[in-house]
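The structure under discussion appears below in the form of structure tokens.
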Amino acid sequence: MYRRLGEVLLLSRAGPAALGSAAADSAALLGWARGQPSAVPQPGLTPVARRHYSEAATDREDDPNFFKMVEGFFDRGASIVEDKLVEDLKTRENEEQKRNRVRGILRIIKPCNHVLSLSFPIRRDDGSWEVIEGYRAQHSQHRTPCKGGIRYSTDVSVDEVKALASLMTYKCAVVDVPFGGAKAGVKINPKNYTDNELEKITRRFTMELAKKGFIGPGIDVPAPDMSTGEREMSWIADTYASTIGHYDINAHACVTGKPISQGGIHGRISATGRGVFHGIENFINEASYMSILGMTPGLGDKTFVVQGFGNVGLHSMRYLHRFGAKCVGVGESDGSIWNPDGIDPKELEDFKLQHGSILGFPKAKVYEGSILEADCDILIPAASEKQLTKSNAPRVKAKIIAEGANGPTTPEADKIFLERNIMVIPDLYLNAGGVTVSYFEWLKNLNHVSYGRLTFKYERDSNYHLLMSVQESLERKFGKHGGTIPVVPTAEFQDRISGASEKDIVHSGLAYTMERSARQIMRTAMKYNLGLDLRTAAYVNAIEKVFKVYNEAGVTFT
């Protein structure tokens with residue numbers, strides 16, 4: 001059974017009655033039993049959640065195995081949705097056969113299908129030779145191509161790429177992007193290499209992936225991740241298109257996150273951070289959730305802290321700042337800064353570009369202690385995995401944790417946040433903006449035309465004809481004795497009169513995707529009485545969608 005594979009431990013079988021009246025009321029909010037009606041939350045009550053956790057994932061509570069951690073979260077979702085999957089099966093099997101089918105497919109979904117481990121030599125600029133290690137994990141091919149970033153870090157490991165690949169599968173499913181999950185890592189510190197050496201490493205890694213069948217527009221499509229960006233993606237695209245893909249007209253679709261000149265798309269660089277903003281916006285504007293947290297809806301009076309001032313942290317900060325929230329703290333690996341009056345993201349970005357660090361920023365002071373425990377409304381961990389653990393979770397002061405990074409919260413910390421009535425907007429939803437816009441870029445590369453190019457002039461002419469038609473109708477009705485009756489477009493309409501640009505289409509598509517997925521998560525949380533356990537609701541949605549693909553496609557050669 002799939003739950004035994006994850007060694008699920010039911011942490012508590014105690015009912016609400018054993019916990020006292022306050023806990024009983026709050027337990028009703030989170031739904032102790034499937035099918036139990038949830039009570040209206042009473043002010044001041046702290047919900048207490050008890051869910052299925054993976055024993056394997058929590059055996060090292062402050063530093064759990066990352067892949068087992070993801071498997072544990074999967075098990076929680078699977079345990080809740082199993083009965084519905086059995087009920088929805090439209091086959092002529094009996095109840096036991098249907099349940100066996102469901103459990104069998106869930107066992108298929110859970111493991112990582114392929115892991116490629118590579119070692120290859122490069123010659124450094126000083127003439128010395130070095131062997132570089134790299135990995136590419138493909139979690140699922142239920143949809144192809146597989147999709148996932150490439151990171152450069154000395155912390156890269158098989159466990160990490162497997163965990164991140166599995167998260168990508170569920171992330172794509174949550175936001176309805178038709179990809180399987182994958183992830184790659186090269187075990188280097190890019191700061192220790194020249195640009196020429198990094199190009200050698202990137203191009204050689206691309207060739208090794210190509211030789212093993214781990215890259216291609218319809219096979220496996222990498223993207224930027226930690227310490228990689230447009231430059232590295234351009235090298236990958238050029239290497240693939242110049243070698244194994246030289247006969248493939250779609251060769252540049254082998255990777256996303258490219259520069260515009262290489263087939264990239266407007267809005268990709270900021271996509272993950274913009275997705276974080278939209279995700280927070282969708283939940284913070286939902287009055288029912290804010291009433292549980294004791295907060296007012298909207299961003300206007302909210303403060304936030306960002307851990308990690310890279311691509312995700314910077315753009316999350318920019319958009320939240322633009323829409324009225326105040327950034328009071330920013331943390332990086334070399335230290336943190338604090339200003340209760342607010343930190344301007346553009347000024348901080350310029351300072352870091354000039355000095356290489358946020359420390360010393362003149363409009364903020366150094367923050368002593370962990371920035372994760374700073375006083376704020378919204379905490380955005382946008383650095384690396386396993387930052388919020390059993391040790392520091394009790395001291396977190398934020399009421400909303402928005403997971404900009406992948407896997408920043410351990411299972412034990414997640415349990416503590418539920419018990420403390422803290423909302424966690426989960427990673428597999430919140431940071432899906434990057435893969436969503438990567439999907440748009442991939443489609444652009446396959447179509448060989450930018451969004452909006454075919455309709456710009458037609459839409460502009462149509463809009464002017466519409467305005468002229470209105471003007472002529474008014475003049476026929478009221479006459480011209482007082483002069484013409486000009487119909488002047490508003491400033492907002494004037495901006496859109498030529499139709500949507502590529503950036504407009506990308507931003508609109510991303511906003512719609514994040515809003516629709518948020519509504520799906522909210523409905524699932526309500527349906528299963530999950531309360532603030534949005535992570536489990538997101539996993540339930542992902543599991544249902546992936547299960548449907550496997551079930552309807554059939555399992556070959558069984």
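Using N, Cα and C of the backbone, Cβ positions are placed for all residues, glycine too.
For reference, Swiss-Prot has these:
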| type | residues | note |
| --- | --- | --- |
| TRANSIT | 1-53 | transit peptide |
| MOD_RES | Lys84 | N6-acetyllysine |
| BINDING | Gln141, His142, Arg143, Asp176, His252, Lys444 | NAD(+) binding site |
| BINDING | Lys147, Lys171, Ser438 | substrate binding site |
| MOD_RES | Lys171 | N6-acetyllysine |
| ACT_SITE | Lys183 | active site |
| MOD_RES | Lys187 | N6-acetyllysine |
| MOD_RES | Lys191 | N6-acetyllysine |
| BINDING | His266, Ser270, Tyr319, Arg322 | GTP binding site |
| MOD_RES | Lys346 | N6-succinyllysine |
| MOD_RES | Lys352 | N6-succinyllysine |
| MOD_RES | Lys390 | N6-acetyllysine |
| BINDING | Ser450, Arg516 | ADP binding site |
| MOD_RES | Lys457 | N6-acetyllysine |
| MOD_RES | Lys457 | N6-malonyllysine |
| MOD_RES | Lys480 | N6-succinyllysine |
| MOD_RES | Lys503 | N6-succinyllysine |
| MOD_RES | Tyr512 | phosphotyrosine |
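A map of Swiss-Prot features onto the structure.
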| residue | record | CB count, 10 Å |
| --- | --- | --- |
| Arg143 | NAD(+) binding site | 19 |
| Lys183 | active site | 31 |
| Lys187 | N6-acetyllysine | 16 |
| His252 | NAD(+) binding site | 26 |
| Tyr319 | GTP binding site | 21 |
| Lys346 | N6-succinyllysine | 11 |
| Ser450 | ADP binding site | 15 |
| Lys457 | N6-acetyllysine | 11 |
| Lys503 | N6-succinyllysine | 14 |
| Arg516 | ADP binding site | 13 |
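With His266, Ser270, Tyr319, Arg322 listed as the residues that bind GTP, the site has a largest C-alpha separation of 20 Å. The two recorded residues, Ser270 (GTP binding site) and Asp176 (NAD(+) binding site), have Cα atoms 20 Å apart. Each of the recorded positions Lys171, Lys191 was scored by the number of other CB atoms within 10 A of its CB, and the lowest score belongs to Lys191. In the structure shown, the C-beta of Lys147 has more C-beta neighbours within 10 angstroms than that of any other entry among the binding-site residues Lys147, Arg322.
Binding residues for NAD(+) (Gln141, His142, Arg143, Asp176, His252, Lys444) extend across at most 23 Å, taking the greatest CA-CA distance. It is 36 Å from the Cα atom of Lys390 (N6-acetyllysine) to that of Arg143 (NAD(+) binding site).
Neighbour counts were taken as the number of other C-beta atoms within 10 angstroms of each residue's C-beta; across the recorded positions His142, Lys352, the minimum falls on Lys352. When the CA atoms are compared, no binding-site residues among the candidates Arg322, Ser438, Arg516 lie within 10 A of Lys503 (N6-succinyllysine). The binding-site residues shown are His252, Ser450, Arg516; of these, the one with its CA atom nearest the CA of Lys187 (N6-acetyllysine) is His252.
Looking only at the recorded positions Lys183, Lys457, Arg516, the one with its C-alpha closest to Asp176 (NAD(+) binding site) is Arg516. Secondary structure at Tyr512 (phosphotyrosine), taken from DSSP and collapsed to helix, strand or coil, is helix. You'll find the Cα of Lys352 (N6-succinyllysine) roughly 18 Å from the Cα of Tyr319 (GTP binding site).
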